[in-house]
């Protein structure tokens, strides 16, 4: 029997609906000790092994895990919602809330999840893994004094909202009455508030979390400690500072609190009752800590635990168990995530969208097949090709960069200039045609774009191995990741969500109207990035890509006459003016990073060069150069002239590892920019032209 196209469309649409309806979802049951005894034997040992290994490498990871338990459970119950990354459907999850500044150890939990999935796929929730890991961290940091059995059987939640985290979590500036009311909503007593606050014997806090303490009176903070904090938090900076003064640098303590030096520890982050001694001595970091002394009952418990650490060990263990039992909101459903940072529903949704696309393809006849894009997902091509798509791309990128390392920066720039215009759709790759003589790549904003040949080579290799399957848009996203990893010696690395389609629209006018200009001031930059859903901090993070690459003199001519206060005079007159003079003029190419200039050209500026292994190293040197007025573009210098952006410049100048992590996360967010609503796409046969 022959089926009409309409009937086929209906059948496939029904299959898509069934697929979406079949996404496994359940309501959490009662938590039980030994829950995984038969379901996943040895799971707790797997978790503990990974936690021990992580703490041996970096003891501060332990405090991060303990903090993660609280910041997860206190919002929507213990459902691992704090672990979810930003996505197309949810651009602002809990981890992006200001109150969650500095949350860490996500990578360790993904490592644990991957190990457990190998042993028992689809069995152990990320929510349970987080509690196990936090328990093990607390035990290790307390030399076994804090320990408890973990009831398990939690599910991973679907909902994660930054605004909920901001509204639910206690703030470091809260007074005692607000803290008591906040904890009471979660059924915690005043004593339990005091007990859980004792976790501040370990860990770190950013200066922005205790700015008020820098000017509080001597009745609230010991002046010597206040002076120490002011030293650690100079104006315009927002570094992380240890919560416990005994973990502070010995020299800093000797300078500001010489009487305390005997208590400084060589091994930081020991979880014990020292927090209560420090609080009574008014040498605690947060206002929310000191304010406990202003409430009679809370003060009594501070004295109680200062006098005897053993009861605190026991009571802290009990309070963590109680915290771990906070449930999801009534009626909530959950799942066992395959990966802790993304819900399974997104993968199923993409599959359903694929079926709908098939339905439309069946209905289309004798026309170029054009479909609506779905939601990119990690591992999208795993079951679509009899080859490793990512391995082919990675090998081609490596070969290209081994031959010419400058193409690495070109690929990263190409990716940004694609995604920022019409979403990540490969539209920047299209060549001029008689029907479209002015595509994006011909725009003034795209002067000097390169790397097209690398994308062409990748496409050719993939079409041979897996024809008509991998979009040029995905190729560019993967290639930019691989180039970033290569240029940073592995410091910048991340999983790439895929499943994009190639766009059929490309206009130079769109690029010139949308892309940020090198002459923009900071307010225009902030506005420009906000239109695409990026924060002020993410603007600063992405600007760090200017540690690599080159630029035409025409992009920074205004800097040749900038005042001394905005650019190093020798850099302006002795380097840039010479590079852009002579016959080459505005078309001359200049390295973005002074360390990639010749030593002879730099003269006495060589002392400012941030060391690196070879040229074109993607790292945090951009921020150091910015603070020294040694950057090419006015748009770079503008970030230093604004206090809101300057603090992030300082933050990343001080911590290159943090920038690596945040740059990777921001590139993922960039990669999720979608095509305009209603746009159609395809899988191009060649990346330079539509089918």
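Every residue gets a Cβ built from N, Cα and C, even glycine.
The following features are taken from TrEMBL:
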type     : residues : note
ACT_SITE : 71       : active site, proton acceptor
DISULFID : 40-120   : disulfide bond
DISULFID : 73-78    : disulfide bond
DISULFID : 126-340  : disulfide bond
DISULFID : 207-233  : disulfide bond
DOMAIN   : 30-344   : domain 'Plant heme peroxidase family profile'
DOMAIN   : 375-691  : domain 'Plant heme peroxidase family profile'
SITE     : 67       : site 'Transition state stabilizer'
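Of the listed disulfide-bonded residues, namely 73, 78, 233, the sparsest CB environment within 10 A is found at 233. Within 10 Å of residue 78 (disulfide bond), counting CA to CA, the recorded positions 40, 67, 71, 120, 207, 340 contribute 71. In the structure shown, the C-beta of 207 has more C-beta neighbours within 10 angstroms than that of any other entry among the disulfide-bonded residues 40, 207. Long-range neighbours of residue 126 (disulfide bond) (same chain, six or more residues apart, CB within less than 8 Å of its CB): 80, 83, 109, 113, 156, 337, 340. For residue 120 (disulfide bond), the number of other Cβ atoms no farther than 10 Å from its own Cβ, over all displayed protein chains, is 16. Nearest by CA distance to residue 233 (disulfide bond), out of the recorded positions 67, 73, 120, is 67. Ranking the disulfide-bonded residues 40, 120, 207 by Cα distance from the residue listed as 'active site, proton acceptor' puts 207 first. Among the recorded positions 67, 71, 340, the residue whose Cβ has the fewest other Cβ atoms within 10 Å is 71.
Nearest by CA distance to residue 207 (disulfide bond), out of the recorded positions 40, 67, 73, 120, is 67. Spacing of residue 67 (site 'Transition state stabilizer') relative to residue 73 (disulfide bond) is 10 Å (Cα to Cα, whole number). Across all of the domain 'Plant heme peroxidase family profile' (30-344), the predicted model scores a mean pLDDT of 95.
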